Amino acid sequence: MAASSCFPLAARCSLFLTAALVLALSPGAHGHAGADAGAGLSSSFYDDSCPGAGDIVRRVIQKARVADARIPASLIRLHFHDCFVQGCDGSLLLDNDLPAIMTEKEVPANDRSARGFKVVDDIKRALENACPGIVSCADILALASEISVELAGGPRWSVPLGRRDGTTTNIESANNLPSPFDSLEMLQEKFKNLGLDDTDLVALQGAHTFGRAQCQFTQRNCSAGQDEETLVNLDTVTPDVFDNKYYGNLLRGRAPLPSDQVMLSDPVAATTTARIVRRFSGSQKDFFKNFAASMVKMGNISPLTGRAGEIRNNCRRVNRKPY
């Protein structure tokens, strides 16, 4: 999805976030966390060191979405793609610095698709002015996701904080993001490998209730003469609002992305995901509750804590060498 704000998609529109129930991480380790929700993370992490962090992030996003309504969906997608690749460590934000750093921004799932990096830069700059060297880029993505969903009309949740930033990227993992053309069984396997069950899969896919996708990744593909990167609304009813309309679209066969519609049409859907789609279609409250819980799980994938990693001065660059 070039220049699209759609939710994690693969092949330039890798949509899917991933989320894992985290196994206990010893402070400073980079491994899967477990049901404990990320060792060393706490929603009060910045209460003393940078008490206005959330308000600063909110102000920057509010300003950005006035000029670009797609920004909230774009920011949450960055968080998904970051967490899916070696955990929530801000690796997606790193630019090329060859040979040491090869950027994840140029893999098929992100190339000409992942966007919102300038807004992240603006948030980082504002935070550095207020609290130098305190708030990590990985935590910026986590905070920005929650605030973006809330500003679009979605649920609020308490964001565990205290992640530190990684100093490496992982191109092999970035090249393995789920595809918009995956079968349901393939999607279930990819999510299961990260500790997510069918409820997490259906709930997290619900972020496609706002944002855009390139027509080349949709079920109907592009109209005659349309450029393959032409954007289409993921939700034709309320494209910039976070609600449960997405699930009604699925029930009517109107989901633009094949990887969404398979949650009803795939042969294994009847006994797995279809009932959850119907449940969320009938209750926005139920959807919001499960979405928030799954977002916390995803945000707790392999966080760097303690003395591991660093707090980047610039989200695009590691600190270890001058630029």
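Cβ coordinates are placed from backbone N, Cα and C, and glycine is handled just like the others.
All TrEMBL annotations are machine predictions without curation.
Positions annotated as active site, proton acceptor by TrEMBL: His81. Under the heading Ca(2+) 1 binding site, TrEMBL lists Asp82, Val85, Gly87, Asp89, Ser91, Glu104. Marked as substrate binding site by TrEMBL: Pro178. Under the heading heme b binding site, TrEMBL lists His208. Sequence annotations record features per position, and here TrEMBL assigns Ca(2+) 2 binding site to Thr209, Asp235, Thr238, Asp243. Residues or ranges marked as disulfide bond in TrEMBL: Cys50-Cys131, Cys83-Cys88, Cys137-Cys315, Cys215-Cys222. The domain 'Plant heme peroxidase family profile' annotation in TrEMBL covers 40-319. Here TrEMBL flags 1-31 as signal peptide. Annotated site 'Transition state stabilizer' per TrEMBL: Arg77, in sequence order.
Distances between the Cα of Thr238 (Ca(2+) 2 binding site) and those of the recorded positions Asp82, Cys88, Cys315 are shortest for Asp82.
In this structure the C-alpha atoms belonging to Cys315 (disulfide bond) and Asp89 (Ca(2+) 1 binding site) are separated by 11 Å.
Take the CB of His81 (active site, proton acceptor) and look out to 10 A: across all protein chains shown you find 30 other CB atoms. Neighbour density for Cys88 (disulfide bond): within 10 A of its CB lie 31 other CB atoms from the protein chains shown.
In sequence order, the recorded positions near His208 (heme b binding site) (Cα within 10 Å of its Cα) are Asp235, drawn from Val85, Gly87, Cys88, Glu104, Asp235.
In this structure, the C-alpha atom of Gly87 (Ca(2+) 1 binding site) lies 14 angstrom from that of Arg77 (site 'Transition state stabilizer'). The 10 Å shell around the Cβ of Val85 (Ca(2+) 1 binding site) contains 28 further Cβ atoms across the protein chains shown. With the fewest other C-beta atoms within 10 Å around its C-beta, His208 stands out among the recorded positions Arg77, His208.
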